[in-house]
Amino acid sequence: MKIYLVGGAVRDQLLGYPHHEQDWVVVGATPQQMLDAGFKPVGKDFPVFLHPETQEEYALARQERKTAPGYTGFAFHADETVTLEQDLLRRDLTINAIAMDEEGTIIDPYNGKRDIETRTLRHVSQAFCEDPVRILRIARFAARYHHLGFRIAPETLALMRDMVQAGEVDHLVAERVWKELSRALEEQHPAIFIQTLRECGALHRLMPELNALFGIPQPEAHHPEVDTGVHALLALERACELSSTPEVRFAALIHDLGKGVTPKHLWPSHHGHEQDGVALVEQLCNRLSTPNQFRELAVAVCAYHTHCHRAFELNAKTLLKTLLALDGLRRPERFQQFCLCCQADAQGRTGLENRPYPQAAYFLQALEEIQKVDAKMFVAQGKKGAEIGEAMYSARLQKIKLLKTAQTPHE
């Protein structure tokens, strides 16, 4: 029996990159030997065990064989005759197909170290194209290691395109797509994830509402980048600088979906794209089984981002109505996230990344003012039922009017 550290831990150790989990492969052992050594079986489809002390995963070396379309259509073979090289051959990328023995010696049969040095994401073998999840994974690795200079090998990108054209991505279930997308949103450069999916054709299949934005023009006076899809990626990049919260990043990415359905004869204007986009955001989130906190923020940003941009132009009633519609009183944290998304949108434009966005602070200040209105003061005055609600509305409106009177004029 021989035990090797494999996968991400070895890769990131060679990169000098932080890693939090360690995976191990065991060569020359049987399931019974693992049980006799105190390991706990956890693998449903193939022999995987938890170490009795560290709780880290130890898998018996195995081979895979494609039996049906999709990422679940595999048969596995695992016994003591499977070699380390055979186990590493089934892995997705060469940089993930490196092992380290208990003495610290590197075993690298597929030149993963070379690809780490040249910053290349390259498939190990043609078996790469048998699992469509690998398209999402390589896009996520491209997003994670972009700042280190990693790029996808041309032949690997060509394989990804072939997989998309063969319909492999159509077999991905929504939960798996969302799992990879949500993880990508937490990487340093999630825009690279989206760009990679677009380059191989997968974005059209998985997120057609977003893919539709590329090539649609916006007024150059407001959007020097012109292309709506490019703007979506710039907004995402700015959101990443403003917040590490994946909900904020997701909402910034899809805030302009409504521009994808603007009739061509109206281009480059997109009047009403906010409400047009809400149904598309809902549609996308339904298809991906997106968690509620992502969906709710994305819908709010889509519907009201231009209200925030026009904050200083809104009259008191409209501003109050907007704050209430955004549920700012009950959900102040989400309201702050909304304001960050609006800032990311405004600054996610070529050459305007550092332009001040005082509208966000103004919106937050307006919310702070109406938070000062307490129902107790009206109850103490003897008001009841609907009278309390009316009095609170009037008091809040007065707070907004005073704020508007005191505000410094903005351009």
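Any Cβ shown, glycine's included, is placed from N, Cα and C.
Taken from Swiss-Prot as is:
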BINDING   GLY8, ARG11, ARG91, ARG137, ARG140  ATP binding site
BINDING   GLY8, ARG11, ARG91, ARG137, ARG140  CTP binding site
BINDING   GLU21, ASP23  Mg(2+) binding site
DOMAIN    228-329  domain 'HD'
Q: Provide the three-state secondary structure of ARG91 (ATP binding site) computed with DSSP.
A: coil
Q) Just checking the binding-site residues GLY8, ARG11, ARG91, ARG137, ARG140: which sit within 10 A of ASP23 (Mg(2+) binding site), CA to CA? A) GLY8
Q. Sequence gap of 6 or more, C-beta under 8 Å: which same-chain residues meet both conditions with respect to ARG140 (ATP binding site)?
A. GLU180, ARG183, ALA184, GLU187, PHE193
**Q.** Spatially closest candidate among GLY8, ARG11, ARG91, ARG137, the listed binding-site residues, to GLU21 (Mg(2+) binding site) (Cα to Cα)
**A.** GLY8
Q. Per 10 Å Cβ neighbour count, which of the binding-site residues GLU21, ASP23 ranks highest?
A. ASP23
**Q.** Three-class DSSP secondary structure - GLY8 (ATP binding site)
**A.** helix
(Q) Please report the three-state DSSP label of ARG137 (ATP binding site). (A) helix
Q.
Taking 10 A as the limit, how many CB atoms besides its own sit near the CB of ARG91 (ATP binding site)?
A. 22
**Q.** Three-state composition of the domain 'HD' (228-329), taking helix and strand from DSSP
**A.** 78 helix, 0 strand, 24 coil
Q: Using DSSP with the three-state reduction, classify ASP23 (Mg(2+) binding site) as helix, strand or coil.
A: strand
Q) What are the non-local neighbours of ARG11 (ATP binding site), defined as same-chain residues 6+ apart in sequence with CB under 8 A from its CB? A) TYR17, ILE95, ASN96, ILE98, GLY112, ILE116
Q: Could you tally the C-beta atoms, other than its own, that fall within 10 angstroms of the C-beta of GLY8 (ATP binding site)?
A: 17
Q: Give the sequence-ordered set of same-chain residues, not counting GLY8, ARG11, ARG91, ARG137, ARG140, with Cβ within 8 Å of the centre of the Cβ atoms defining the CTP site.
A: GLY7, ASP92, LEU93, ILE95, ASN96, PHE141
